[in-house]
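> This is the structure, below, for whatever I ask next.
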Amino acid sequence: MQLLQYVVVSCLSSTESLLQSLAFTKQPGSIVFPVDSQESNREVMFSCEAQGSPPPLYRWKLNGTAITPKSGSHYSLSGGNLRISHLNKDQDAGTYQCLASNSFGTIVSREASLTFAYLENFKTHRRSSVSVREGQGVVLLCGPPSHSGDLTFTWIFNEYPSFVKQDTRRFISQETGNLYIAKVEPSDVGNYTCVVTNTVTKTRVQGPPAPLVLRSDGIMGEYEPKIEVQFPEIVHVAKGSTVKLECFALGNPVPSINWRRGDGIPFSRKVDVRKASGVLEIPYFQQEDAGTYECVAENSRGKNTVKGKLSFYAPPHLIEKPQGVQKAIDDSLVWECKATGKPKPSYRWMKNGENLEPLERVQVANGALSISRLTLSDIGMYQCVAGNKHGEVYSNAELRVIAVAPDFSQNQLRSHSMVKEGGDVLIECQPKMSPWGVISWRKGSEALRESNRVSILDNGNLRIQNATKADAGLYTCVARNQFGVASSSGTVMVKEPTVITTPPSTLDVTVGESIVLPCQVNHDPSLELKFTWFFNEQLIHFGNHGGYFEKVGGQHSAGDIMIRNIQLRHAGKYTCAVQTKVDSISIAADLVVRGPPGPPTSIHVEEISDTTASLSWRPGPDNHSPITTYTIQARTPFSLGWQAVTTVPEVVGGRRLTATVIDLSPWVEYEFRVLASNAVGTGEPSRPSKQARTKETSIPAINITSAPTAPKVTPANVSGGGGSRSELVITWEPVPEELQNGPGFGYVVAFRPYGATGWMQAAVPLPEASRYVFKNESIQPFSQFQAKVGVYNNEGEGPFGEVVTVYSAEEEPGRAPTRTRARSLSAYDIEVSWKALPWNTSRRRVLGYEVSRYWEKTAPEEAASVQRTVGNQTSAIIRGVKGSSTYYVSVRAYNTAGVGPPSATVNVTTKKPPPSQPPVKVMWNTSDSKIILNWEQVKALENESEVTGYRVLYKCNRHSRPTVMETNTTSVELSLPMDEEYFIQIKPFGEGGEGSSSRQITIPRIAGPNAIGSATKVSTLSALSTIALSFTARTSL
């Protein structure tokens, strides 16, 4: 019997790549069929599809009983789909399940129900009238007829389509269909008809009308709310569903409806409270929404409350599913199956579509299935079913039990295993066999003898420790079980160990030098070496790191590297790792790099006076070379960068951490920095100190008292002039802060009419001031004055500068230029001319002329483009205008006071633009020290000016100025030496100006007697020294 089982399983194993276990790809879903359907062939179809190889066969069950489709039956199968035709409400309603089977077993789908939806007509045809008093509440009953499927309710008032509108006084319950009127009013009198709609069948029926009449025995008085519509005490709500609670009360006055949670927690945003219709709606219901809810109906006569509990439930959801496994015979199996849900799910297991009953070997506990001592009969498809009262979920898993003789075909021993002498080696022996059998080893033809060095592990592998040359040889692993025996062999080779001959060391080098780090080894000559270097435990990638690292080991057994132009950052630990197929070793060397000192730190200004500052600092790293000297530098807001300063002592030694800076300027803000030097060089500077100013007040830790003095330097470049009418403007360059000698700095401006004896003075108390304006209506335009500017600060007045002559503001010119003319020079240039005004030094000087051009004659003055001339010039050229355009031009004189009146406006029309097409088909050849150029005639477009000639521009290098030759033909001959390279361009021109240039032509230095070329093709003819160049784009010199 065992032999038969082995044969079967071995056959399956050989084809398992062609086989596939079962899994559903489509499962049936529940169907609600409308009975009122008008279809002639009333039928439904349940879907079912599974993947598997061999392809599965399908069966169906109704309410647990097998369905047998027969010829003429109203059941039929299409693949796995079940079609039910000629539906019968009484026979076909129920729960359906699909079963899929192949050689691996059977699996069962989830349950799907078939129900029938219908809505019958109302049985009664008349209803008694309902009599109520005005102000009384009333309930009109709907009493829906027999039905299946969800219903919705509306009410007709008197005649269709007049429907009852819900508000705070009227409410239609979608649970019962009843109409509630909290307080009847005379307008409510009439006939009411209940309309019932089936949401599945879409059919609608109307009940008999119910008359509502008012009693004549008085009006109902006020009374407290009476809740007529209320929700159940416990409502079970599924996770993720939407729940609606109804609450409505009768009362006079009309009661208000309010909702609240029993635990006082406010409603979340998703909760919809429809006060007008008495409905509380909670979408996407979750665990936190469960709890007690209260409806409060209240009016002026009192209030009433009803309560109900929303209970959360969730159908099962699998969170841990069993997975298909392949087990050896006699092995054990444990499958976990876990699901969430409320209430807590229970579990059952199925095998091949049938419930699995616990046996001695088969146990089910808390969803887990365990099977001990597996046999071939345990093979099949298993399903875990987790369920509670709200549903079930299924998961599938296949169990394969195999029985296989030992087989090394997929996992042979390694053919060659290498180990260094004194090392350890593990030879794996992992045959495929089931059940697991016995493993033994041979060395050569003899059984292997185990020792304290040689041992067979529990998993069958062979371990050899502290290998010797005698351990080399052929090893064979032999595997046996009840189904057969097999073996596999491999060779063990023992190699000499690798040894690094370079001793560990510490190397010392200076920044900028180069050094070789050695790494040499002795090794087994049959093994290849691999050298790897690390810097501070990080792999060195040669070719990166800025090219500092380079391999220089020239011999097979040497892995030396060179570090070029060493920097401080290269200091650290270098490791050489050597690897062969049998071992790996490494050696480390410490590299010390000596360099200039690092920047000093903690620069402080301890004391400061008017000309000195005492500094202190802390040393930075000396980078393995003692600091010999310190250098101090300073800068001010007025200096150009950092400047060396004089110190006491004059030379600051490397052990000294303080110094005094002398010869500073008073009342100036300074920053200081310190640089350290050693035998290698000078290092980076420190960070600047805080700014410190030389002044008289004492600032702890920064300043001590100083002695400001009166300023001695006067402003430079005193001048004046300009300004508005009746103004005298005097200007100067401010005195730099470092020359102001103290706080409270300002200027004293003195001035007098020319020839007067007394001075008028004014103080300007701003150090940065550069201008003073004196205004007096008695000042005549362009009057001569003498002026001088002095200085002062809090310590007193300084000197005045030299006396200069300045003029008061003048008047703008009073006359306009005459004889204004304008003519077009080209498409882009206009020449404007005029007759000059008298040039004199009167009160209305003319400093020059302002030419204005406009697009339109009536354009505003600010829209004009303005161009100024200087002096008594009587013409100007306006460049950059557009071709074929009309411009309006006027001229006016100007001086420092402004501009005078404009001249008469003249207009001018610019010439047509020059040709836009460049010269093409440029041909050239050289002969007897001449360059002959030919090109095609450029034809102007209709809106362009005619071509009247060509300019040929040539130069012998790219950066020299070109020489220009003009011609009115399409060829030119240039007498030029042939031992130079030439660059040539050709431009057409006409009355509109220069047109587009040909592309720059390069004529190379010619070695032969002659050469030719063109600008339309490229070729090289060595026999004729021919050079051809292709030019297709426009360029300019």
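Backbone N, Cα and C atoms are what each Cβ position is placed from, and that goes for glycine too.
Those TrEMBL annotations? Automatic predictions, nothing curated.
The domain 'Ig-like' annotation in TrEMBL covers 28-115, 120-206, 225-311, 316-400, 406-493, 497-586. Annotated domain 'Fibronectin type-III' per TrEMBL: 599-697, 707-811, 816-913, 914-1009, in sequence order.
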> DSSP says what for the domain 'Fibronectin type-III' (914-1009): how many helix, strand, coil residues?
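DSSP classes over the domain 'Fibronectin type-III' (914-1009) add up to 0 helix, 41 strand, 55 coil.
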> What is the three-state DSSP composition of the domain 'Ig-like' (225-311), stated as helix, strand and coil residue counts?
3 helix, 51 strand, 33 coil
> Work out, from DSSP, the number of helix, strand and coil residues along the domain 'Ig-like' (316-400).
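Grouping H, G, I as helix and E, B as strand yields 3 helix, 52 strand, 30 coil.
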> Helix, strand, coil: count each for the residues of the domain 'Ig-like' (497-586), based on DSSP.
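Within the domain 'Ig-like' (497-586) the tally stands at 6 helix, 42 strand, 42 coil.
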> Determine how many residues of the domain 'Fibronectin type-III' (599-697) DSSP places in helix, in strand and in coil.
0 helix, 46 strand, 53 coil
> Any idea what the model's mean pLDDT is for the domain 'Ig-like' (28-115)?
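Looking only at the domain 'Ig-like' (28-115), pLDDT averages out to 89.
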